[in-house]
Amino acid sequence: MKTLLLTLVVVTIVCLDLGYTLTCLICPEKYCNKVHTCLNGEKICFKKYDQRKLLGKGYIRGCADTCPKLQNRDVIFCCSTDKCNL
């Protein structure tokens, strides 16, 4: 009986989803493919850029716990699925 109980406990632990970690893109270029695993608690991917610099400079991508605030002429896109901040 103890063996059966122990087996059930082990199977339960192995099968549990012990947590999900978001992955976001991080790089300063307009076109990006560098993937980063977010820290625990960071559940937002974002892409932020200055609308005056549309030719690819001034991009910031990353993970955050909340969507960053707008400043000056920034454009910010926030999302919550893997690599959604393309």
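Glycine too: its Cβ is placed from the backbone N, Cα and C atoms.
Copied over from Swiss-Prot:
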SIGNAL    1-21  signal peptide
DISULFID  Cys24-Cys45  disulfide bond
DISULFID  Cys27-Cys32  disulfide bond
DISULFID  Cys38-Cys63  disulfide bond
DISULFID  Cys67-Cys78  disulfide bond
DISULFID  Cys79-Cys84  disulfide bond
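The Cβ of Cys67 (disulfide bond) has 15 other Cβ atoms within 10 Å, all protein chains considered.
Residue density at Cys45 (disulfide bond): 27 other Cβ atoms are found within 10 A of its Cβ, drawing on all protein chains shown.
Here Cys32 (disulfide bond) is positioned 16 angstrom away from Cys78 (disulfide bond), judged by their C-alpha atoms.
The Cβ of Cys38 (disulfide bond) lies under 8 Å from the Cβ of Thr21, Leu22, Thr23, Cys24, Cys45, Cys63, each of which sits 6+ residues away along the same chain. Ranking the disulfide-bonded residues Cys67, Cys79, Cys84 by the distance of their Cα atoms from the Cα of Cys32 (disulfide bond) places Cys84 first.
Listed in sequence order, Cys24, Cys45 are the same-chain residues six or more apart from Cys84 (disulfide bond) with CB atoms under 8 A from its CB.
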